[in-house]
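What TrEMBL lists as region 'Disordered' is 1-120, 880-910. If you look up TrEMBL, you'll see 58-68, 85-98 marked as compositional bias 'Low complexity'. Summarising the annotation, TrEMBL assigns compositional bias 'Polar residues' to 101-116. The feature domain 'Amino acid permease N-terminal' is assigned by TrEMBL to 124-177. According to TrEMBL, the transmembrane segment annotation covers 209-228, 240-269, 289-310, 331-350, 356-379, 408-430, 442-466, 576-595, 601-622, 634-652, 658-675. Annotation source TrEMBL lists domain 'Amino acid permease/ SLC12A' at 212-716. The domain 'SLC12A transporter C-terminal' annotation in TrEMBL covers 725-1124.
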Amino acid sequence: MSTPSPEPSAPADAAVTESTFLSPDAGQRPLGPTPSQSRFQVDLVAEAAGASEEKSPSLESSAAAPEAAGEEAKGRFRVVNFADPGSAASPEAAPPEGLQNGDTVMSETSLHSSTGGPHHYHYDTHTNTYYLRTFGHNTIDAVPNIDFYRQSAAPLGEKLIRPTLSELHDELDKEPFEDGFANGDELTPAEEAAAKEAAEPKGVVKFGWIKGVLVRCMLNIWGVMLFIRMTWIVGQAGIAFSCLIVLMATVVTTITGLSTSAIATNGFVRGGGAYYLISRSLGPEFGGSIGLIFAFANAVAVAMYVVGFAETVVELLKGADALMTNEINDIRIIGTITVIVLLGISVAGMEWEAKAQIFLLVVLITAIINYFIGSFISVESKKSMGFFGYDASIMWENMGPDFREETFFSVFAIFFPAATGILAGANISGDLADPQMAIPKGTLLAILITGIVYLGVAVSTGSCILRDATGNDTHRLSSPFMDNCTDVSCKLGFDFSSCKAGNEPCRYGLHNDFQAMSLVSGFGPIISAGIFSATLSSALASLVSAPKVFQALCKDNIYPGIGIFAKGYGKNNEPLRGYILTFGIALAFILIAELNTIAPIISNFFLASYALINFSVFHASLANSPGWRPSFTYYNMWVSLAGAVLCCVVMFVINWWAALLTNVIVLGLYIYVSYKKPNVNWGSSTQALTYHQALTHTLHLSGVEDHIKNFRPQCLVMTGYPNSRPALLDLVHTFTKNVGLMVCGHVRTGYRRPNFKDLATDQSRYQRWLMKNQTKAFYTPVFADDLKQGCQYLLQAAGLGRLKPNTLVLGFKNDWTDGDMMNVETYISMIHDAFDFQFGAVILRLKEGLDVSHIQGQDDLLSSQEKSAGAKDVVLSIETSKDSDSSKPSSKATSLQNSPAIQKDKRSPTVPLNVSEQRLLEASQQFQKKQGKGTVDVWWLFDDGGLTLLIPYLLTNKKRWKDCKIRVFIGGKINRIDHDRRAMATLLSKFRIDFSDITVLGDINTKPKKEHVAAFEEMIEPYRLKEDNMELEAAEMLKNSEPWRITDNELELYRAKTNRQIRLNELLKEHSSTANLIVISLPLARKGAVSSALYMAWLEVLSKDLPPVLLVRGNHQSVLTFYS
């Protein structure tokens, strides 16, 4: 980050002068905004004064020294587009036009000289310097600028930060930022270093499309195959099929080239080639797997090409009888020396490597031209070897195939590796001056040129060389014998039928002589030089590609333990460690010197990359993301899909077992990366397609009516902050995971001026917390005046289409007798609202309580996890008592920097937990553990549509609860117990729900024990209205001000129901005191008739002193059916 220069620059002076004119009392005011002001805030008094003066806006500008521009204080932003940075406004110039409104300041504008010539000044809106903007009036709103869209460590320029919405929209008494950064986009030290490095381009070598892409691709595609296998392919397949083979290979590479061009032009391309293109398109799973095998394939390809070169050299040594030891060891010696020399060239820098490539290309092109020149020169001595010059009869003879122990596809498999290498330019994308232009242009032109040359060589060799020849001049025919010979060679004066019959070996001709092009060429040694050039250039390209791709992979930190190879050295950020690793791999395979087995695997690795590049384009087009806007438009998603399929087919044609092995490796790496879930977000098409499919399916689902068989409990769980009530979260998640929707609702109240930005920040943070804890739920916070209103918001608005909650889940309000009874009124009204919205209602009660947020250490849990994810440090300051209602604001997110008082010193000893807190913590974690052998007791007392039965069934289907048996308890008459049991057993069997026991309770309506009734009376005593002991008017006033109070009439009217709740608690203690979980029908209270205090007392007495209790009441719509 650059720091402001102490010397004021000319433009700064100009701006200061202008600001002086804007204020009538400029001498008394400091220049620029005062520290108490926003940096964009304008002094309204001065502004009004300026606005009242109707003056001309013209300003004179005078020339100043150009070097003043270099002293301009840039601050955090770059100063861009200077036309005449040295100019300063003349003090005598007329003041500018009036200012416009209170949230504007001096900005960029054209300052016109007296001659009318514009001088554009562009300054940073975030400094204390006033300036005019291009609109001719002052505003802090920024005009469109490319630097606003750069990433933090932009390689092509510094990132500017546009004014935030808060800076433009918030009230003037608010400070737009706290830390000097408009949107908190601070640079990390690594990003700062990268940005600094990118800002100093001195000495960095960048290539254009010819040197960087075209040359590399042509050298890589024109491999050794061109000189020593092309003639053999023509001999086997004939001219027609040879051209078809070349065209088929070219179609595959052209489609891949088009796809590569599309991806490369859809945004800025960094280093990493095929890995970068695939990973940024399809995501880290595919990119990571391909990146690893592509880098490895390139490393082994170095060995393959070097061994090809060494074999040619050994052949020459053998011909000269100059072998050092034996053939295999000579290959190893020459190969080792060669790869060391190539490594030296690569390490010397990209510039030297590029010069070497140019030299090799010149040699290669010379060799090709040498061949074509030689094909027109018919030499008598070469006729016995099968070369007669261009002849229509030879061309016609060689037009069709003559497969000898080969098939069309086996010949195609041998040729196809010669067409690979189209990614040689893309692999050094980080070293290209303009990858978006260079990669499409260079790659496609290279495919075209090399394809034409391959076709030309196929037609040429097939038109002038016979398939078989002995090389023996004695087989020349005299004219009397020519009449009895029908072969093409006979018409040309030679009879090679003896070698065809197998009487003597045919050492020459297309079928037999791999060096046929040397024979035809004007000067044979140049072809040998061409072979050397082809092998060495391909080896050099692969030796550069492998480390570059591997370095990009290591920088993304997808695989553990390879980060040391991410470090770059020198002005070009050369991956020296990657070069050494590549050298080691290549050397190992060179010393093996048996590459016939590994060669097809390399070809398959390359083809897998091509297939995924094609699939990336299809996938991105299918996802229909607005971000998919390649400037290269000559592609088609279906053609790309066909290209991907073709690549896969070719993989199996070349070598089926190598194709299987490649697919297994890619799949294995894909599964590994998917499992590890690297913390990266590249906006891949996989994300876009997931969104597209989710949207499509959600809309489709909305058009389908609900059916009982497809009912799922979709729960709105009033958790508050998700980590404050773990037991509630865990239990509901257990029966909704992979079954139904779960929304964690949080109503935040008590804010005079709600900060909606904080709400959005919290939403993303806690959603990350849920994901990190593998909880499949959505966190949905809302601001509301009170809890009831917020709950109504959530009941109405949570969810989307059919993915809307249908069940409200609350924690039981254990502390209802201690606090304000209006909170109880609110709590009960939430249950009533749920039924009004046709929701089911579920209440969880643990005798220890649910809310753990007040316990020391619990509030640091989220903070520690957020730190590991790289987010800002946040701690939670808890304000409410434990076991408060489940969505009351239990905490506030507070920035560490702003609240040092609540920071905890890590070295200070933690306060030991008391017994009740210890029990609460243990109870809060009980649903995270596997439940041992036990029971889930279902007290299905009232038919609510089946939700009371469905939830326990879903629970016991899960791994944690599978050892628990369901016991069903129902009410009945003493004289019909057996009948009721059989009826319930029949119903459960029809519902296909397993149960271990059914108990019919014939004594539900028995009066409860007197001491239990007395305890209930004592509990509700403080909440009774006792209207019989006061005046009617006074009683009505008290009831209106305290609606939760229990009237004597109400208490008498619902005496039987009260007794039933007390009696049920006695039965629950008798039958279910050892259950793992009790699920019981939630008693209903008629709205407006039963006061909230009485209803709360019913729930209290029903569920008191028991194992975990789940009070459930469906919406009385069937959720179970026995019909298919």
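Backbone N, Cα and C define each Cβ position, glycine as well.
Please treat TrEMBL annotations as automatic predictions, because they have not gone through curation.
Most Cβ pairs under 8 Å with the transmembrane segment (634-652) belong to 240-269, among the candidate stretches 209-228, 240-269, 289-310, 442-466, 576-595. Most Cβ pairs under 8 Å to the transmembrane segment (442-466), among the stretches 209-228, 576-595, 601-622, 658-675, belong to 209-228.
By the Cβ criterion (distance under 8 Å, sequence gap of 6 or more), the transmembrane segment (356-379) is not counted as touching the transmembrane segment (289-310), fewer than 3 such pairs being found. Through the fold, the transmembrane segment (408-430) approaches residues 207, 212-214, 216-217, 219-223, 225-226, 229-230, 233, 236-237, 241, 245-246, 248-250, 252-253, 256-257, 260, 264, 269-274, 276-277, 298, 350, 401, 438-439, 442-443, 446-447, 450, 454, 538, 541, 544-545, 548-549, 552, 573, 599-600, 602-603, 606-607, 609-610, 650, 653-655 of its own chain, all at least 6 residues removed from its boundaries and within a Cβ separation under 8 Å. Contact between the transmembrane segment (658-675) and the transmembrane segment (289-310) is supported: at least 3 Cβ pairs lie under 8 Å, counting only residues 6 or more apart in sequence. Using the rule of three or more Cβ pairs under 8 Å, pairs at least 6 apart in sequence, the transmembrane segment (576-595) is not in contact with the transmembrane segment (601-622). Within the same chain, residues 155-156, 221, 233-234, 276-277, 280-281, 399-401, 408, 411-412, 415-416, 418-420, 422-423, 426, 429, 432, 435-436, 439-440, 443-444, 447, 451, 454-455, 458-459, 462, 610, 613-614, 616-617, 620, 627-632, 634-635, 639-640, 642-643, 646-647, 650 sit at least 6 positions outside the transmembrane segment (240-269) and bring their C-beta atoms closer than 8 Å to a C-beta of that stretch. Tertiary neighbourhood of the transmembrane segment (209-228): same-chain residues 253, 305, 308-309, 312, 354, 357-358, 360-361, 364, 367-368, 415, 417-422, 424-426, 428, 431-434, 437-439, 441-443, 445-447, 449-450, 453-454, 457, 514-515, 517-518, 527, 530-531, 533-535, 537-538, 541-542, selected by CB-CB distance under 8 Å and a gap of 6+ residues from either end.
Taken together, the residues in the domain 'SLC12A transporter C-terminal' (725-1124) have a mean pLDDT of 81 on the 0 to 100 scale.
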